[in-house]
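**Q** Following this message is one structure expressed as structure tokens.
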Amino acid sequence: IRVIQRPVLLVFAKDDAQSNSFCWACERAGFRCNVARTPEAALESFQEKNHDLIIMDHRHSRYFDAEALCRYVYSTCVCVSVVTQRYVENSNMMSCYNELIQLHHGEIRAQIKLRACNAVFTALEQSQEAIEISSEDQIIQYVNPAYECIMGYQRGELLKENTEVPKSEQNKPDLLDNISSCLRRGKEWQGVYYAKKKNGDSVQQNVKMTPVVGQGGWCVRECVCSGVLMCRCCGCVSDIQQSSKHKDRRKGSLDVRSTTSRGSDAGSSQRRHSSMARIHSMTIEAPITKVINIINAAQESSPMPVAEALDRVLEILRTTELYSPQLGTKEEDPHTNDLVGGLMTDGLRRLSGNEYILATKQLHHIPGHLTTPLSLNDIPPCIAQTMENEDSWDFDIFNLESATMKRPLTYLGLKIFSRFGVCEFLSCPEATLRSWLQIIEANYHSSNSYHNSTHAADVLHATAYFLCKERVKQSLDPIDEVAALIAATVHDVDHPGRTNSFLCNAGSELAILYNDTAVLESHHAALAFQITTRDDKCNIFKNMERNEYRTLRQAVIDMVLATEMTKHFEHVNKFVNSINKPLAALEENGSILTAPENRILVKRMLIKCADISNPCRPLELCIEWAGRISEEYFAQTDEEKQQGLPVVMPVFDRNTCSIPKSQISFIDYFITDMFDAWDAFADLPNLMQHLDNNFKYWKSLDEKKLHSLRPPPE
């Protein structure tokens with residue numbers, strides 16, 4: 001059964017920006033679109049095509065009575081009227097597009113499902129297999145004509161008020177109680193059940209019952225005899241086998257002996273999909289749905305061990321986070337637990353009335369003494385000397401921080417962007433790039449111990465280093481390299497020195513704006529483009545061709561969002577499965593490296609590794625970074641206690657925290673696997689040596705039960 005999507009009807013008396021925006025939105029969303037200029041034309045079109053969605057212009061009542069037209073069709077479709085409670089006039093194309101998408105996933109999809117369910121029940125009525133649906137209390141809700149013929153009952157006899165399922169004496173006394181108890185706990189039940197015909201004969205059935213949450217969140221048990229239950233509001237799916245001769249069927253499938261309306265108990269045995277798989281097949285197929293359907297089809301002719309293995313595969317594929325492990329830790333380690341809770345959750349524990357407002361609601365401007373842009377030729381010799389080895393992994397960013405009076409991003413950015421020819425690629429004057437670097441750096445908070453412009457410069461340095469590795473260069477185009485450098489520069493701009501969890505718990509303005517989802521990362525990306533495009537003096541994108549700019553912008557946004565830690569394991573596992581493993585299996589790797597989807601994975605992995613590469617730096621740099629991030633977490637814990645907010649990472653109490661333990665947990669849980677994968681791709685033996693040495697250093701401090709960054713002087 002397939003539901004064909006109907007077109008959208010636009011009823012606008014005249015062509016204007018609003019109607020054009022909805023036309024564009026329909027085209028982008030892939031919806032067919034009909035336009036009517038009069039009520040008569042709208043009614044004629046609606047009667048011919050029965051549109052699911054009608055958008056009518058209610059701004060100018062002198063043209064036609066939109067409310068009367070709306071009432072006429074309201075009972076059969078979703079109707080949107082401009083400047084009504086549903087949609088306020090807004091000719092922004094993306095606003096119209098978002099409205100269409102929301103309607104499609106809401107009211108329209110619900111109507112499509114209802115139509116599909118009606119079609120399903122029509123099919124059940126025509127089915128030659130006996131089908132019975134009963135409630136949790138075993139009260140019969142539905143039987144089809146085939147059931148009447150086979151079991152000997154008339155539908156009217158069974159559908160009387162509170163008529164229970166006829167029970168056979170051959171069932172064990174406690175069987176039904178066991179079934180109900182199992183389903184109430186949300187567990188499947190599978191076993192032999194005896195049904196009773198009207199003439200008193202018992203029919204043995206092999207039954208599998210699966211509880212499903214229905215509307216309202218409650219669970220019920222719906223039993224289906226000799227068929228597959230597919231109903232629009234079911235609480236439980238029961239797959240039933242009519243004959244005991246087929247006890248060896250695979251788990252999760254339905255093997256029924258077909259029963260005809262002539263009352264025959266025999267027939268050819270058929271494999272069937274589960275009810276939920278049937279429902280999936282009725283919707284528009286997404287790639288994962290196609291995969292599930294292919295596996296279902298393969299199960300039809302598979303031997304028992306293969307079929308059972310494929311069932312386990314299907315269970316995994318139907319989860320929502322295919323690449324993310326469950327957030328358990330490798331050991332019962334409070335430091336790891338707190339890091340996971342603080343970095344990989346959105347802080348769902350919230351208190352009302354406590355709001356954390358960012359200290360910098362206004363954008364920073366370039367300080368007065370920096371109004372004259374710097375040039376590479378203007379860089380003081382002491383700073384230039386500090387940057388002589390900036391292409392080395394062992395480059396000391398803290399020396400540059402000191403030499404530049406905490407403005408390392410501008411100076412290092414000038415040199416690295418020059419080395420990669422960014423100005424030439426963007427057709428951007430060097431003065432514009434200098435101004436851009438200065439305004440971006442001005443919007444980092446120097447008061448943060450960790451998330452400041454020195455961290456941004458460090459990530460930029462690591463990004464540039466990775467871009468020079470041979471396999472990375474083979475994978476990326478020049479636009480990807482430029483996007484990576486820009487993303488690294490802006491990836492933490494205006495960071496408040498607090499985690500996403502803190503902002504969500506505090507009900508901050510940013511958390512509200514971004515719906516508690518990737519709050520900081522969304523803010524960094526959005527603010528970076530706001531800062532860049534608001535003033536031509538620092539708009540490095542001004543001279544780019546439109547499509548190239550959109551491509552670059554999307555790449556920058558995607559990379560900045562990839563630094564959010566909630567999807568850490570998803571990004572790493574996708575990289576391993578899509579790139580590492582195929583490369584290891586093939587001698588020729590050109591197609592793997594240049595595939596567009598894999599280039600995205602490489603860029604995400606690159607900036608993720610650059611962002612948290614501190615444990616792979618030389619020991620002295622690693623120690624300094626560990627102290628800075630710990631201080632920032634200490635300050636957050638202090639503020640959480642002061643404001644009465646949930647303490648996201650309790651181990652980061654400045655009076656009790658063991659910094660070596662926190663570093664060991666971070667390396668063990670987040671760093672090791674990721675850099676193993678990145679090293680296998682990019683060949684980074686020096687980083688892995690530093691990582692090994694640093695881990696041993698933290699271990700040695702921990703074994704001595706030292707909580708500080710360094711051992712005490714001898």
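Including glycine, each Cβ sits where the backbone N, Cα and C put it.
Got these off TrEMBL a minute ago, pasting:
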| type | residues | note |
| --- | --- | --- |
| COMPBIAS | 256-269 | compositional bias 'Polar residues' |
| DOMAIN | 375-705 | domain 'PDEase' |
| BINDING | His451, Asn452, Ser453, Thr454, His455, Asp492, Asp611, Gln663 | AMP binding site |
| ACT_SITE | His451 | active site, proton donor |
| BINDING | His455, His491, Asp492, Asp611 | Zn(2+) 1 binding site |
| BINDING | Asp492 | Zn(2+) 2 binding site |
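Situate these features within the shown structure.
**A** Spatially close to Gln663 (AMP binding site) yet at least six residues away along the chain are Pro615, Ala626, Asn694, Trp698, judged by Cβ distances under 8 angstroms.
In the structure as shown, the Cβ atom of His451 (AMP binding site) sits within 10 Å of 22 other Cβ atoms.
Cβ environment of His491 (Zn(2+) 1 binding site): Ala456, Val459, Glu521, His524, Met559, Val560, Thr563, Ile607, Asp611 lie under 8 Å away, each six or more residues apart in the same chain.
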**Q** If you pair up every Cα among His451, Asn452, Ser453, Thr454, His455, Asp492, Asp611, Gln663, the residues annotated as binding AMP, what's the maximum separation in angstrom, rounded to an integer?
**A** 22
**Q** With a radius of 8 angstroms around the mean position of the C-beta atoms of His455, His491, Asp492, Asp611, what other residues of the same chain does the Zn(2+) 1 site pick up?
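**A** Close Cβ neighbours, site residues excluded: His451, Ala456, Val459, Ala488, His495, Thr563.
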**Q** I want to check the contact list for His455 (AMP binding site): same chain, sequence separation of six or more, C-beta distance under 8 angstroms. What comes out?
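**A** Sequence-distant Cβ neighbours: Asp492.
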**Q** Can you give me the average pLDDT across the domain 'PDEase' (375-705), rounded to a whole number?
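**A** It averages 94.
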**Q** Applying a 10 Å Cβ distance cut-off over all chains shown, what neighbour count does Asp611 (AMP binding site) have?
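**A** That number is 23.
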**Q** Within a 10 Å radius around the Cβ, which one of these binding-site residues has the most neighbouring Cβ atoms: Asn452, Ser453?
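**A** Within the set of binding-site residues, the most crowded position is Ser453.
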